[in-house]
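Structure, as structure tokens:
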Amino acid sequence: MPILHQKIASTGGQPSTNSLALRRLPLVVIPRKRKYKNYVSRRRNTQLLASLRRCVSDPNVYKSYNHWKALLRPMTPIKSGAPTPKTVTPMPVPQIPPHQKMTPNPTPTQNPVQLPLPHAVSEKPGDKKSTGPTPSPVPSKAPISAAKLPGTVTKVAPLLSAAQPPPKTLAPAPGASETNSGSGPVSKQVSGKLTELKSKNGTVTEKTEKAVLRIPSSASTRAKAASAVAPEANPAPVPTATKPSPFAPAIAPLRDGAPAQPPAPIQASAPLRPPVAKQNSLQKPPEPKRSVGAPPKALPSELVNKIDGIEFLPQSSNQNTDDGQQPTTSTGGAKALRRAYGSKSGTTICAIGSPNVPSTSQPQQGDNEKRLIEKKLSLRKKKLSGEGVPPAGSMLTGSKSGVEIGLSSNLTTTNNNNNKEQTDEQRAKKTVNAVAAAFSTQAGSGNATTVDDPASTTTSKENPAAQPPKPKSAAVQNLISQLQLPASVSAKVDKIIACGDKARKPSRSGLQASQARPKVPEIVSSQRTQHQDDKDGHLIYSKGDFILNRFTIYDTLGEGTFGKVVRVNDSLSDTFMALKIIKNVSKYREAAKLEVKVLQKLAEKDPEKKNWVIHMGSYFDYNGHICLLFDLMGSSIFDFLKANHYKPYPMEQTLHITWQLCNAVKFLHDNKLTHTDLKPENILFVDSRYTTKLVDKKPLRVLHSTHVRLIDFGSATFDHEHHSIIVSTRHYRAPEVILELGWSQPCDVWSIGCILYELYTGVTLFQTHENREHLAMMERVLGDIPLRMAKRTKTKFFINGRLDWVNTSADAAYVRDNCKPLRRSMSCTDPEHVELFELIENMLMFEPLARMKLPEALQHRYFNRLPENLKIPCKMDASTNPRINGD
């Protein structure tokens with residue numbers, strides 16, 4: 001955009017400030033590129049994400065740990081005129097709209113709370129000797145107790161002893177809701193006093209009257225709901241004046257005259273309660289389901305005494321627990337909890353509330369809550385005292401999350417209680433072992449055996465036979481109902497629990513049956529030992545083995561990727577035969593089936609065996625191995641060449657072998673077959689006997705007969721069948737196969753040309769294992785590859801019609817040293833040698849269409865030197881037994 005130049009307004013020879021600012025502006029201003037309509041910058045996107053993450057509907061999750069308001073639960077139960085019936089559904093928690101406060105508005109009759117000071121509780125050591133609670137007059141602002149049942153006495157532990165001076169009172173809050181929510185000054189002062197007590201780490205010396213201050217939570221609400229069922233089944237006994245337990249939140253319902261009820265079967269769909277370590281202290285329990293229109297269940301008010309939201313535990317004489325865990329005592333409470341829970345860390349355990357699991361056993365919920373609170377308080381004691389065993393005196397324990405603030409003291413439990421709880425713990429562990437054994441027997445064998453737990457106590461292992469049968473406890477019944485065992489498995493578990501270790505001793509009949517079972521697999525394995533296969537799929541055999549009770553194996557004639565060829569004696573004809581045993585691999589079995597198809601076609605076209613191809617006598621399947629039976633031949637022309645130290649065949653033998661080979665392949669081509677795997681290894685002598693003579697003082701083997709047969713039709717392909725991209729062995733592979741231009745019968749002619757060169761020289765023409773090097777050797781021996789083929793190929797071997805080959809590389813040096821033009825390989829210039837190389841040159845033409853056909857090759861002048869008697873194939877007489885030298 002253009003910039004208008006303005007004159008500099010000078011006053012007194014000095015330029016003005018505006019003029020200097022204009023001079024500093026850039027000469028060219030590039031307008032900012034306009035964003036699209038819905039463009040959101042990175043900063044704005046961050047703000048939007050932050051706003052989405054804010055959620056005020058759940059203060060328990062998105063508020064601080066230190067906020068009391070976020071940790072409150074509805075504490076005052078909804079009163080109902082009718083008693084709470086016993087039901088199998090969990091206690092519902094009334095739904096609270098998110099826009100309302102966490103606690104309901106208090107009634108005008110509620111009074112503010114007076115909290116004791118720390119020093120007021122820890123002083124007066126003389127009160128330790130008192131054995132009973134000292135009643136104190138209730139002031140005008142005393143707590144208003146809830147209605148009591150007739151005949152029951154519920155004592156409220158006062159906040160202070162009567163002998164102590166009155167503590168400083170806090171300013172009353174407008175309501176209990178403000179006190180509980182932490183919005184008033186009372187919550188701040190309580191938090192400050194709690195911090196002061198933690199810093200002093202002093203012990204509470206008052207032993208006569210202990211006050212437990214408890215902020216209600218969902219855990220306590222569920223615990224009180226569990227205790228509500230007890231008055232209906234059993235009347236509450238009159239509790240004695242014993243000291244209340246410091247583990248306030250969840251033990252109270254069980255110790256206020258509500259004995260544990262046997263748990264009812266739990267529904268199969270009810271999920272199990274997660275482990276204690278998995279419960280999050282800030283997790284909000286889900287609302288339990290209840291029927292539509294049903295009123296919320298009311299808690300009995302006779303078991304809880306409240307003063308403006310602060311609950312005091314009623315005293316009870318029942319200190320026993322039935323959960324199988326040892327209570328915390330004055331001498332070894334922390335150790336007992338560590339032994340029971342297997343925990344040595346000081347991790348704070350959730351006491352606010354766990355996910356509400358539908359359960360039919362309300363006392364079981366109380367047991368779980370008791371475990372949570374006991375472990376929490378014991379670990380808190382250990383952390384505050386800094387020792388493994390808590391001190392004898394009580395101390396102030398507070399939850400870091402603000403759920404519980406209580407003055408805990410030592411529990412007064414007897415040795416009988418400890419023994420009873422140990423027995424329950426051992427019984428529960430034995431039950432788990434029994435259930436595990438029942439599942440293992442259901443999945444495996446039918447013998448029920450128990451699994452020993454290394455962590456189990458020695459008491460359960462002593463005198464297993466002398467222990468009388470014990471009835472199933474409530475824990476066992478609850479466990480079985482939770483797992484929903486089938487009837488058969490449940491019967492086994494009951495038998496194991498009733499009989500103890502007697503079920504571990506199997507009967508003699510069971511042992512005899514178990515010993516008799518392995519005999520059947522041994523018979524099968526003994527039958528299979530004769531037909532074992534190795535890791536590659538080859539049949540494992542030894543000399544003298546029988547196949548189908550007809551063929552006796554003598555020795556191995558050859559081995560390849562397809563399988564093995566063995567010499568066998570046919571008991572029917574008493575002659576030696578060659579048995580080709582294919583690998584027990586699906587790929588080679590399918591190839592063998594194709595070979596059988598080709599051999600059957602050749603036998604049909606050549607019933608008199610006049611075309612120099614091998615014929616199959618019979619075939620059969622032997623334990624997954626397809627076996628093909630042939631006439632016994634001699635060694636291959638490659639094996640004989642190798643045994644003769646790669647001395648080339650004489651010219652007359654080369655002439656005869658070439659004639660037979662061209663006629664055999666021509667017979668295949670006439671029947672629309674392509675062999676695709678022509679090589680010296682697949683050309684066998686009918687009789688490979690020889691004589692040895694010295695030539696230049698070196699032994700030289702001379703064959704008696706050069707009659708050959710063409711074998712291995714496993715890769716033979718009919719013209720109408722699918723043609724694989726890559727065929728033939730590497731050294732005898734045609735260029736059109738390497739360049740992936742498609743192949744047909746001329747690829748066999750190329751292979752014949754390579755074989756003729758090897759017969760004449762004794763060495764392989766193209767000794768390589770890489771396509772690019774193979775093409776380079778072809779160009780070195782035969783000249784450049786035609787441009788048409790180079791352009792048609794889809795391979796990456798050519799650049800601009802020329803082979804991508806570096807002549808200065810080490811590979812190029814190897815090609816130059818080992819390859820030379822074809823004519824330079826002639827040993828002499830005799831007419832027969834020249835004629836042979838003419839035939840080889842015509843067979844090794846790059847273009848498949850320009851390559852010599854086999855009928856033309858058989859008319860070549862080179863074969864005019866062959867005697868007529870050698871042009872007729874020899875007859876294979878089954879009565880004769882061809883032998884290999886050395887047999």
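Backbone N, Cα and C atoms are what each Cβ position is placed from, and that goes for glycine too.
As recorded in Swiss-Prot, the features of this protein are as follows:
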ACT_SITE  Asp677  active site, proton acceptor
BINDING   Leu557, Gly558, Glu559, Gly560, Thr561, Phe562, Gly563, Lys564, Val565, Lys580  ATP binding site
COMPBIAS  108-118  compositional bias 'Low complexity'
COMPBIAS  121-130  compositional bias 'Basic and acidic residues'
COMPBIAS  177-192  compositional bias 'Polar residues'
COMPBIAS  217-241  compositional bias 'Low complexity'
COMPBIAS  314-332  compositional bias 'Polar residues'
COMPBIAS  356-366  compositional bias 'Polar residues'
COMPBIAS  367-377  compositional bias 'Basic and acidic residues'
COMPBIAS  407-419  compositional bias 'Low complexity'
COMPBIAS  439-462  compositional bias 'Polar residues'
DOMAIN    551-863  domain 'Protein kinase'
REGION    77-147  region 'Disordered'
REGION    163-299  region 'Disordered'
REGION    313-333  region 'Disordered'
REGION    347-475  region 'Disordered'
REGION    504-533  region 'Disordered'
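The maximal spread of the ATP binding site, taken as the longest Cα to Cα distance among Leu557, Gly558, Glu559, Gly560, Thr561, Phe562, Gly563, Lys564, Val565, Lys580, is 14 Å. Under 8 Å, Cβ to Cβ, and six or more positions away along its own chain, Gly563 (ATP binding site) finds Gly537, His538, Leu539, Lys580, Ile581, Ile582, Lys583, Tyr588, His625. For the pair Val565 (ATP binding site) and Asp677 (active site, proton acceptor), the C-alpha distance works out to 18 angstrom.
The number of other CB atoms found within 10 A of the CB of Asp677 (active site, proton acceptor), across every protein chain shown, is 19. For the pair Thr561 (ATP binding site) and the residue listed as 'active site, proton acceptor', the Cα-Cα distance reads 13 Å. Spacing of Leu557 (ATP binding site) relative to the residue listed as 'active site, proton acceptor' is 20 Å (Cα to Cα, whole number). In the three-state DSSP reading, Glu559 (ATP binding site) counts as strand. Annotated pair the residue listed as 'active site, proton acceptor' and Glu559 (ATP binding site), C-alpha to C-alpha distance, rounded: 16 Å.
Of all Cβ atoms in the protein chains displayed, 11 besides its own lie within 10 Å of the Cβ of Thr561 (ATP binding site). Annotated ATP site Leu557, Gly558, Glu559, Gly560, Thr561, Phe562, Gly563, Lys564, Val565, Lys580; additional same-chain residues within 8 Å of its Cβ mean position, judged by their own Cβ, are Ile581. Neighbour list (Glu559 (ATP binding site), Cβ cut-off 8 Å, at least 6 residues apart, same chain): His538, Val565.
The secondary structure of Val565 (ATP binding site), as reduced to three states from DSSP, is extended strand. The average pLDDT for the domain 'Protein kinase' (551-863) in the predicted structure is 94.
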